[in-house]
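Undergrad: Dumping the structure here so I can ask a few things about it.
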Amino acid sequence: MGKRKTMQSFNLESFGKNLEKKLRRNPEQLQQPIKNYKSERERDIHELIYTIKSERMFIYKNAHRHLKLALENATLALNLPMLLKDFHVTLKEFDALEASLNAELECLELQYSSDTSELLLPVNSVNTSQNTINENAITTAIASLSVNPVNTSVALSTASTSTSTPTNTTTTTTTTSNSLTKNNNSALVSKPKTRGVRSKPIDMNSSDDEEDDQKDDQDKDDSDEDNVDNTPPLDSNDSKPPSSKTKGISKTKTKGNVSTAITTTTTPITTTDSNIIGTTTTTDDITEESKVKERPPRIFPENCYVCKVTETPYWRRGTDNGVVVDLCNECGLYYMNKEKKERLSRQKHSIKNVLN
């Protein structure tokens, strides 16, 4: 028997392009039905739908040809999954576009119905009867406001319930002077501020306890700088309401052995009455020496200890018989690598001695 002839290998990309050209020459276009379109947009939508259908048929035929080629030649089957994936993506896009066009076409058909010559309302429109009811309710509410300007809640309730006539109700919200004073007092009086572990408010009657509490606050502020309230101290000339409570601690620090001044000013809580309960203001000036570790100034050596170079991008330090000396960058790197090699050689010799 004779030998089986081997099939020639085809280039899949070139074959696909040639197939596309052949199909483009004689495409199987769908027959569009003759229809009297009522608008240009409706005609455009129908044309787009028919072109989508013809493109979908072309993709199906192209995929069928590629499958046949992959079955005949195994080398072409390597690119088949990628091609089928691309076909699937394009078909999904066509389906989404066709669905949107069909939805738009349905909306146009609803607007131009064949039964009546009048245009139908769109889906999002509101009923006219409901609009008239709301307008009547709003007009009645405005009329009730013009007659009885106090009964605002009644007018708003009539507008919400959409009634034709306003109801004569006498339930109105009135505010008396006592309630106003209570509200003002409750709004202006502030709660005592607690700091640290202390849970009791500041006692207004005893001044000794207040001074002790202030000293404790100063000690806590020295230990924790995050809790410091950096507000300026109160001035005697400033006019502030008696109900306000301000607690400010001004703290200034400088570097070096310089004394720091800490000023604490506290104004206690008072009521809104004209008779002010005792207000005490204490100012303690505490001076203490602050010890701040400053970075020593950078000193540049005169020259290198080995090569006597005066300028180098980076100065290094080494030891010569226990004495610290200044080295330039090149000399420092040289002796550092040399010391590293000597250390590694000593380690190797020690390992050999242990093994032997």
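Every residue, even glycine, has its Cβ placed from backbone N, Cα and C.
Quick paste from Swiss-Prot:
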| type | residues | note |
| --- | --- | --- |
| COILED | 91-119 | coiled coil |
| COMPBIAS | 158-188 | compositional bias 'Low complexity' |
| REGION | 158-294 | region 'Disordered' |
| COMPBIAS | 206-228 | compositional bias 'Acidic residues' |
| COMPBIAS | 260-284 | compositional bias 'Low complexity' |
| ZN_FING | 304-331 | zinc finger |
Undergrad: Determine how many residues of the zinc finger (304-331) DSSP places in helix, in strand and in coil.
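TA: Reading the DSSP string over the zinc finger (304-331) gives 3 helix, 10 strand, 15 coil.
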Undergrad: How about long-range neighbours of the zinc finger (304-331): same chain, 6 or more residues beyond its ends, C-beta under 8 Å?
TA: none
Undergrad: So what's the mean pLDDT when you look at the coiled coil (91-119)?
TA: 79
